[in-house]
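Visitor: Sending over a structure as structure tokens; questions will come in a sec.
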Amino acid sequence: MPIVRWLLLKSAVRGSSLIGKAHPCLRSIAAHPRYLSNVYSPPAGVSRSLRINVMWKQSKLTPPRFVKIMNRRPLFTETSHACAKCQKTSQLLNKTPNREILPDNVVPLHYDLTVEPDFKTFKFEGSVKIELKINNPAIDTVTLNTVDTDIHSAKIGDVTSSEIISEEEQQVTTFAFPKGTMSSFKGNAFLDIKFTGILNDNMAGFYRAKYEDKLTGETKYMATTQMEPTDARRAFPCFDEPNLKASFAITLVSDPSLTHLSNMDVKNEYVKDGKKVTLFNTTPKMSTYLVAFIVAELKYVESKNFRIPVRVYATPGNEKHGQFAADLTAKTLAFFEKTFGIQYPLPKMDNVAVHEFSAGAMENWGLVTYRVVDLLLDKDNSTLDRIQRVAEVVQHELAHQWFGNLVTMDWWEGLWLNEGFATWMSWYSCNEFQPEWKVWEQYVTDTLQHALSLDSLRSSHPIEVPVKKADEINQIFDAISYSKGASLLRMISKWLGEETFIKGVSQYLNKFKYGNAKTEDLWDALADASGKDVRSVMNIWTKKVGFPVISVSEDGNGKITFRQNRYLSTADVKPDEDKTIYPVFLALKTKNGVDSSVVLSERSKTIELEDPTFFKVNSEQSGIYITSYTDERWAKLGQQADLLSVEDRVGLVADVKTLSASGYTSTTNFLNLVSKWNNEKSFVVWDQIINSISSMKSTWLFEPKETQDALDNFTKQLISGMTHHLGWEFKSSDSFSTQRLKVTMFGAACAARDADVEKAALKMFTDYCSGNKEAIPALIKPIVFNTVARVGGAENYEKVYKIYLDPISNDEKLAALRSLGRFKEPKLLERTLGYLFDGTVLNQDIYIPMQGMRAHQEGVEALWNWVKKNWDELVKRLPPGLSMLGSVVTLGTSGFTSMQKIDEIKKFFATKSTKGFDQSLAQSLDTITSKAQWVNRDRDVVNKYLKENGYY
């Protein structure tokens, strides 16, 4: 839903005359010079005094007519010039510096909410009755959050609001009541509001999701919600802050044929005046961002393996693919109850597949919503990655039922307490249920590397990042809150011991259940459980940005010196950026085992090893840092793979590539190390090797073709032996590890243009399109589609496009869509880009073909040109206040590798508002800078290496 930013002072009235006396604060704010430039710009020659008079005349209202003041300033801030009558309201905001929060003269205790969507007008009628605790009866105003809401009436008891003042930019509405209203109540007060909202199509608040009925082919809509972080205010007037918890009793009204769902189970349901009315039981005390309700045609499957109903809902014809998630949900809830020693408190658990969904999933208490592909699973037609993805997403959202729902962060800088814990717990439970997946090994190449990649940018942020206002919150739902947060928890669990860690977490959850907590509360609980000073050690990691590189030097006689410095991918750390001393657990691995006692808590430290022939820092990659060795040590470690665990081998590959990219070591050290590991048996290590080579190839994307061909030749020589040994026949008797290894090697060989493998892939595709639907194993279907796209041609494009329109599974649909972006021909690229706005591709999926375009020069250029040309439409479809525009900006810009492109990108956005995605843009520019510096620095040395080793 586009956020309409009003710059003029306007009156929104339900009548004709504008007479009477306005609230004094209205006049004070409108007239104060601080607001004038943002509120009303008069024609040339109009005097300043006349401008004030015009605004004042426009703002005069007779109750109960309404005025909206919509400007770029808050109604009340620490320095607002409110009138004396309302000065106390202004002062209420001073209690929390650097945050724009609601006044606390009243706080919510309970909501009775009724909503009725209209699928013809795409609006909804609503009423909400909020029980308020009155903290300051001297103040006769109530301020709460609203967005795109048409308020019809508001009253407390029998007293109607005299004025309603909406501040669109701040997303608040203030209801003013006659003097003495609040003091007349002996107990709590009840605020009744009637309103109309927009059933928008922007995947925020209460919105409509379009889909094609699988059984009839009709276009239909479901009405669903996405409230996090601050979009409950789009669905109903509320106190939309995480620490303003309350209980909710929700009622839904619609056509009787539709299913009604909400957080709780049904209390009563009946038909009145031809409409179905469903009343749900009252929720526990919870935050507004967890409120959820759905009105749609739905069917379900269920699992009876838990003490309460566990269901997976989907639109008719899709529900059969929900059984995997239903069974996993039942098993996971039981596991988490046992792990935490706290019972899941709600009477049911519903999971719902939503057709248009901006995120992967949302942990609404008792009613978790998902993107379709992240919940429904056709195991016979899905990749291993998809199976694992569904499992991890489901378990992530179920972990939130405790982390986030039962205990909620006090404010958004504590988001990592929600997301970091849920990420760590999803890996923890996956490892319990599927040990053959080797998730803790995959963690190193997945979660940890994602965290380090983003945190190596100058534009990164601390785990606990200050958040002032609503439009800043979406930008911190990133790899820092999720992946670095989870990595920090893994580091703590290794330090304290897993059993002690879980014990402390359980104490934390029990102490703060149904309430809010801060990071320090977690540290204190872990300290109580372990007896260690957790707070002083871990506060540095959460409150400071970045991570260190540990440089290791040797004197040749057994003395090893470790030195820490802030790491940046651009390797240009300034002195004022290198002041933090991180507490680093060195976890030194030698032939005698692992010494976990060595902690680097100063700039440098020297120790002595009896036998320095073998050692590795950061055993199992449990620490959040990278290690830089001497060239000689890199060479030795490359030859000592048999002494290293899978995590250690993955860590070595990741570290040497990262250090090559930033210039801490030569890229030849990376190429030399991986070239010796052509007999590696672990799919996890191979994943990291291939990912690292792919990262290098993306940096060399705009280099001459012969250089790119030489890199492909290097890859072919490295992987061909293992690829051809394994083959590409997938058997049901193959273990998970064997299947994953086959997929990884087959994909790498196709990308490197191994002639035999490419030929096999193309034959599979030909046979598949000729009617043999078994010709392409589901596990490698995306690889085959990408290979076909790289070969190109209009005929192949038509075949892939047809698969996208009529897929046999959601997995296949997305694989085909992504591969459409891999076709290089200009006309085909133009055609793919055209689908993004003509309804062929859902808004939630427009980034998918963009991912394919980033694989080749032509796509990177075409995508950027399209972004520039269609910028206004992008902003309209993907409002900056939501999250997807930032993703599109990143995809549209970060594929470049030259400083010249940085100048061009900066010039384009210099005339645009970057509000809501400024951090994404800064990170993208940092990424381009890093790549440009890498290729400029090591171009010659890489060319020399490739030529000397016969790859040209």
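A Cβ is built for glycine as well, from the same backbone N, Cα and C atoms used for every other residue.
Checked Swiss-Prot, it gives:
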ACT_SITE  Glu397  active site, proton acceptor
BINDING   Glu228, Gly360, Ala361, Met362, Glu363, Asn364  substrate binding site
BINDING   His396, His400, Glu419  Zn(2+) binding site
CARBOHYD  Asn381  N-linked glycosylation site
CARBOHYD  Asn713  N-linked glycosylation site
SITE      Tyr482  site 'Transition state stabilizer'
TRANSIT   1-52  transit peptide
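Could you place the listed features in the three-dimensional structure?
Guide: In the structure as shown, the Cβ atom of Glu397 (active site, proton acceptor) sits within 10 Å of 26 other Cβ atoms.
Contacts of Gly360 (substrate binding site) defined by a Cβ separation under 8 A and a same-chain sequence distance of 6+ are given as Tyr370, Arg371, Asp374, Val393, in order along the sequence.
Cβ environment of His400 (Zn(2+) binding site): Glu363, Asn418, Ala422 lie under 8 Å away, each six or more residues apart in the same chain. In the three-state DSSP classification, His400 (Zn(2+) binding site) falls within a helix.
Sequence-distant contacts of Asn381 (N-linked glycosylation site), defined as residues of its own chain at least six apart whose C-beta falls under 8 angstroms from its C-beta, comprise Ala778, Ile808, Ser809, Asp811, Glu812. Under DSSP, Asn381 (N-linked glycosylation site) is assigned to a helix (H, G or I) in the three-state scheme.
Long-range Cβ contacts of Asn713 (N-linked glycosylation site) within its own chain (separation 6+, distance under 8 Å): Ala752, Leu946, Tyr951, Tyr952.
In the three-state DSSP scheme, Tyr482 (site 'Transition state stabilizer') falls into the helix class.
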Visitor: For the recorded Zn(2+) site, enumerate neighbouring residues of the same chain (Cβ within 8 Å of the Cβ centroid of His396, His400, Glu419, site residues themselves excluded), in sequence order.
Guide: Glu363, Glu397, Ala399, Phe403, Gly404, Asn418, Phe421, Ala422, Thr423, Met425, Ser426, Tyr482
Visitor: Please identify, among the recorded positions Ala361, Met362, His396, Glu397, Glu419, the one with the smallest Cα-Cα distance to Tyr482 (site 'Transition state stabilizer').
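Guide: Ranked by Cα distance from Tyr482 (site 'Transition state stabilizer'), first place goes to Glu419.
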Visitor: According to DSSP, does Glu419 (Zn(2+) binding site) sit in a helix, a strand, or coil?
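Guide: The three-state answer is helix.
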Visitor: Please tell me which one of the recorded positions listed here (His396, Glu397, Glu419) sits closest to Asn364 (substrate binding site), measuring Cα to Cα?
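Guide: Comparing Cα positions, the closest of these recorded positions turns out to be Glu397.
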Visitor: Going by DSSP, is Met362 (substrate binding site) part of a helix, a strand, or coil?
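Guide: Once the DSSP labels are grouped into three classes, Met362 (substrate binding site) ends up as strand.
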Visitor: Rounded to an integer, what is the Cα-Cα distance in Å between His396 (Zn(2+) binding site) and Glu228 (substrate binding site)?
Guide: 16
Visitor: Between the Cα atoms of Ala361 (substrate binding site) and Glu397 (active site, proton acceptor), find the distance and write it as a whole number of Å.
Guide: 7
Visitor: For the recorded substrate site formed by Glu228, Gly360, Ala361, Met362, Glu363, Asn364, name the remaining residues of the chain with Cβ within 8 Å of the site's Cβ center, in chain order.
Guide: Gln226, Ala359, Val368, Thr369, Tyr370, Glu397, His400
Visitor: C-alpha of Glu397 (active site, proton acceptor) to C-alpha of Glu228 (substrate binding site): distance in Å?
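Guide: Glu397 (active site, proton acceptor) to Glu228 (substrate binding site), Cα-Cα distance: 13 Å.
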Visitor: Whole-number Å only: compute the distance from the Cα of Met362 (substrate binding site) to the Cα of Glu419 (Zn(2+) binding site).
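Guide: If we compare the Cα positions of Met362 (substrate binding site) and Glu419 (Zn(2+) binding site), the gap is 11 Å.
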Visitor: Are there any residues at least 6 positions away along the chain from Glu228 (substrate binding site) with a Cβ closer than 8 Å to its Cβ? List them or say none.
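Guide: Set apart from Glu228 (substrate binding site) by at least 6 residues yet with Cβ under 8 Å, we have Tyr289, Leu290, Met362.
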